[in-house]
Amino acid sequence: NKSKKRRNRVSFLGAATVEPPKPIPLTWKTEKPVWVNQWPLPKQKLEALHLLANEQLEKGHIEPSFSPWNSPVFVIQKKSGKWRMLTDLRAVNAVIQPMGPLQPGLPSPAMIPKDWPLIIIDLKDCFFTIPLAEQDCEKFAFTIPAINNKEPATRFQWKVLPQGMLNSPTICQTFVGRALQPVREKFSDCYIIHYIDDILCAAETKDKLIDCYTFLQAEVANAGLAIASDKIQTSTPFHYLGMQIENRKIKPQKIEIRKDTLKALNDFQKLLGDINWIRPTLGIPTYAMSNLFSILRGDSDLNSKRMLTPEATKEIKLVEEKIQSAQINRIDPLAPLQLLIFATAHSPTGIIIQNTDLVEWSFLPHSTVKTFTLYLDQIATLIGQTRLRIIKLCGNDPDKIVVPLTKEQVRQAFINSGAWQIGLANFVGIIDNHYPKTKIFQFLKLTTWILPKITRREPLENALTVFTDGSSNGKAAYTGPKERVIKTPYQSAQRAELVAVITVLQDFDINIISDSAYVVQATRDVETALIKYSMDDQLNQLFNLLQQTVRKRNFPFYITHIRAHTNLPGPLTKANKQADLLVSSALIKAQELHALTHVNAAGLKNKFDVTWKLAKDIVQHCTQCQVLHLPTQEAGVNPRGLCPNALWQMDVTHVPSFGRLSYVHVTVDTYSHFIWATCHTGESTSHVKKHLLSCFAVMGVPEKIKTDNGPGYCSKAFQKFLSQWKISHTTGIPYNSQGQAIVERTNRTLKTQLVKQKEGGDSKECTTPQMQLNLALYTLNFLNIYRNQTTTSAEQHLTGKKNSPHEGKLIWWKDNKNKTWEIGKVITWGRGFACVSPGENQLPVWIPTRHLKFYNEPIRDAKKSTSAETETPQSSTVDSQDEQNGDVRRTDEVAIHQEGRAANLGTTKEADAVSYKISREHKGDTNPREYAACSLDDCINGGKSPYACRSSCS
């Protein structure tokens, strides 16, 4: 009956007769009960808890419970002396699926039309009037303990939204929003703001406002909600969401900032968060709070000590003054909004106005993402940010944007600035530079550093040109009319070069050329840039000094970048090299001195204090200083093994997507190109040994391994490991990866295959890094067949099967040392290279294919070829397909030859069968003499040669 009477009353008031909204169920991550034990409570608090629980039980907010869930409960005493019950729901919140916020920000009261009458109401105990879904009630159970456990504890569970539940605000907003929806539909010309349980209604006339409020009362009651009668506001000044609202003006509510509680980072973080929240109303520019923001720097521990500096104290006083005096205006709904951009110090300031009435302030963050942010880019970013804010406030773009730039500067910004193009994308309003005549903005501290005045984008005519350089040894230098070397405390080449640039930025026209792109970009941008604070004090000092130096100049300058260590001709490269020489490291100086004087290793070590290994490497890799070394290879030739497991190359590459296992150790057999790779957490000797043991299990044990000069490969532990397995070890040229070209190419091939599998593969079961590697290796070794091959790498590795049609053929090969052409036999042929047997008692020679010619092809006069370097035989006419991939295959004859050499047995009969050479007297003939065809069955030419056979065929 009561419900029927209530519905009749609501109908009489004119509201729609609808059922109250149904409870909104929660989504749970788990149905496993969460039980957190109740802690003991003092007797006084326990008595207060019993009273509060009985009160809630009478109101129907809780009910007795036998739930397997439990959350601790406690009470606090208010200033008025009353007690308040709270539930610790942190454990329960952890298993609730968040609903997400429905109102991510506070509504702006400035959008309330000016001079419209208002009514503001507050819903009474809003959470306690919204029911929980029946199935969710048991999850919010709590226990009231008994002293000394002398009786069973009393247990209850919430039937309404509990305070502190993760989704209570969202459910409350949804519930109240549904109740207000009929009001919004019927009174669409009224302006209604609803935030949690606070509701503001505005209408053009008082009569319409009363009608709207009457209907709203009925709808709220119909939804089971209650209005707090003591919190209804009907006259100015209104207080809503921390603001004092008058007929036309809006002011922040008067507050006092307590400074005695500011002792730790957390205290200052909260204070600045609150100040930032009301800054759009206060209008405090970013530069006026820089000292307060600086206090947040340093240790990120919330309890770390912080102190209020005198400068920051002044800024807090400014905030308090602004709170007392600042005000913004309610808008005219029929007039458009405009955006003014002021070029204030530190960063620009935006102001949203309507006519000359201030609506809201807009600021950029104090800290930036980039180290240098150009002032023009900051203006563009602020425009884009404030345009979005205006659209959010009223649903429209501003009618006009006023910027501190001329029309020509605006035109250039559209052409040259990507940030400007983004900030003003799709803007169809007016861009102007005429500010309204009003005194309310005159307090702003403006800057003149908007666009560059000193820095030029084009070289200066008739100006001095200076080259700068820096080194990690702390030396900086510049060259020009005079040279100078400057000692700096920095261990960074870029920082040392910054010192050189600052030094040469004297007050006269100058063109600066630097080989550091970092320094060039910093110097170009620093004039108008906001410099991001860095924890590195040295870097801060350098950048600030650079900016001050540039801004103090009276004459323009130009700076550009030049690539270092190139062999390009011209005076720029020469002059830059001269500057580089002034600061080059000990190793570079040692290499340059040896190239000039060919001093021995001991002399290099003594003069430059380099290690013995580095000194010996410099000498050993000098072609003029080699006295007794293994034969050097021709340019473009990377030695291969002549049979499986003869020579491996090994390296470490990085695959970032593997996470901790990003160090991928790669081994490739240079004969078969069989690849094996394993992923590890590092590249130390222990990781290398683990990788090699894996390789031995798959590929076998090699005779020789070639690596770079990494610490993991040069350690004593690794050498001992190799000696145990009877493996010889060589390294490439220090700091030069060309000696390991095969494995470097393999790294790229492997990474490409991994990318293909990741982006286009269907093998979702390959979840771990090693599984992904294994799939890639299986494809490369057992499935792929490369051009000019007939078998896979796995078949070649396991069987040693021949794979090139040119193996065993007679060829002419060019001896670059003697400038002569010799005859030989192909042992193996790959992409751009070949291994040739030059004759008896001689080791095989690796030669680029451009220095080869098949034996049955026409040849020019041997005498002329010997005497005139320009008259060489035609280059090999081998199809380019024969030079693919560089895979090598052995012949049985070469195997015999190698085995004999390895055993130091000298020349054997079998070795003679494959080691041959045209006699010396043939060299002088225009055409080699012809002899009868050889009749021996084992003739190396198959008995078909028109020339004489030597050695065992003679």
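Residue positions begin at 1 at the first shown residue.
Using N, Cα and C of the backbone, Cβ positions are placed for all residues, glycine too.
Checking the candidates GLU360, GLU408, GLU497 against Swiss-Prot: the one annotated together with ASP469, ASP515 at the Mg(2+) 1 site is GLU497.
Swiss-Prot lists zinc finger for one of the ranges 207-248, 585-626, 627-668, namely 585-626. Given the ranges 187-190, 195-198, 507-510, the record in Swiss-Prot names 195-198 as motif 'YXDD'. Comparing ASP580 (Mg(2+) 2 binding site) with ASP469 (Mg(2+) 1 binding site), their Cα atoms are 6 Å apart once rounded. Counting other Cβ atoms within 10 Å of each Cβ, the lowest count among the binding-site residues ASP469, ASP580 belongs to ASP580. ASP515 (Mg(2+) 1 binding site) is surrounded by 22 other CB atoms, counting those within 10 A of its CB over all protein chains shown. Under the DSSP three-state reduction, ASP469 (Mg(2+) 1 binding site) is assigned to strand. Helix, strand and coil content of the domain 'RNase H type-1' (460-588), in residues and according to DSSP, is 53 helix, 29 strand, 47 coil.
Along the domain 'Reverse transcriptase' (57-245), the predicted structure has mean pLDDT 92.
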